[in-house]
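Take a look at the structure set out below.
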């Protein structure tokens with residue numbers, strides 16, 4: 001729904017988008033393009049969380065000579081920026097394949113031309129592997145990383161507003177006297193951080209989605225700035241907030257589960273290490 005609202009045409013609001021997708025494509029329409037993200041999500045999140053935590057430890061080592069030392073705000077911000085940069089390298093091709101598969105049968109607009117009801121002909125891609133191979137053959141590495149600039153502008157500040165609020169809310173919610181946050185504190189803090197991050201990232205998420213959807217049947221945008229300018233010219237400032245409700249609603253449960261799984265896994269591994277090396 002998020003991609004359809006941000007890069008598609010003819011959807012008045014979220015409810016209209018839901019009804020249109022269900023009417024035209026049944027339940028399967030809500031799961032288009034999900035196989036590639038599902039296959040890579042574990043690696044993606046492991047790398048992002050690993051880069052963030054290890055960068056914090058390295059900075060604590062350099063500053064205080066003690067890796068487990070509680071990081072300063074500047075250290076968390078720098079670790080978040082590094083995680084954001086790394087995430088783009090892994091996430092851009094995955095997002096591109098997902099969006100191309102979701103948008104290949106959607107209405108589209110040419111500059112200064114009326115909306116066409118459907119993309120002519122058969123779908124351009126038969127599945128995620130065929131999509132990846134086709135884009136690589138026709139557009140090269142630059143095609144696979146189309147929208148990387150917009151994703152960088154989304155993820156670098158986005159991860160700062162993901163990890164820093166999580167740390168703040170986790171410490172604030174955790175009762176005094178507790179050495180570590182309980183599962184409820186982790187769950188709630190993770191959800192709030194996810195909602196904040198996704199809401200603030202929505203404008204650049206719209207630009208990224210449009211750039212990556214572009215190229216299925218035409219090339220409308222020359223780059224990130226051109227996409228921003230054309231979108232603003234034709235649809236006004238409100239276009240950059242398309243899908244914000246879905247991002248906020250989705251951000252809470254996804255991030256709650258992510259942080260809870262991460263923290264509980266760390267605790268379990270530390271416990272196993274303690275038992276193995278008393």
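A Cβ is built for glycine as well, from the same backbone N, Cα and C atoms used for every other residue.
Nobody curates TrEMBL annotations by hand; they come from automatic prediction.
Your range for transmembrane segment, going by TrEMBL and the list 186-204, 205-223, 224-242, is 186-204. Taking TrEMBL as the reference, the stretch among 72-94, 95-117 described by the feature transmembrane segment is residues 72-94.
As annotated in TrEMBL, transmembrane segment covers the listed stretch 33-52 rather than the other ranges in 33-52, 133-152. For the ranges 156-174, 251-269, the feature annotated in TrEMBL as transmembrane segment maps to 156-174. The average pLDDT computed for the repeat 'Solcar' (1-58) is 75.
Two recorded stretches are said to be in contact when at least 3 C-beta pairs lie under 8 angstroms, sequence spacing 6 or more; the transmembrane segment (72-94) and the transmembrane segment (186-204) fall short of this definition.
Within the chain carrying the transmembrane segment (33-52), a Cβ under 8 angstroms from the stretch's Cβ atoms is held by residues 79-80, 82-83, 86-87, 90-91, 94-95, 97-102, 127-128, 132, 159, 163, 258, 262, all 6 or more beyond its ends.
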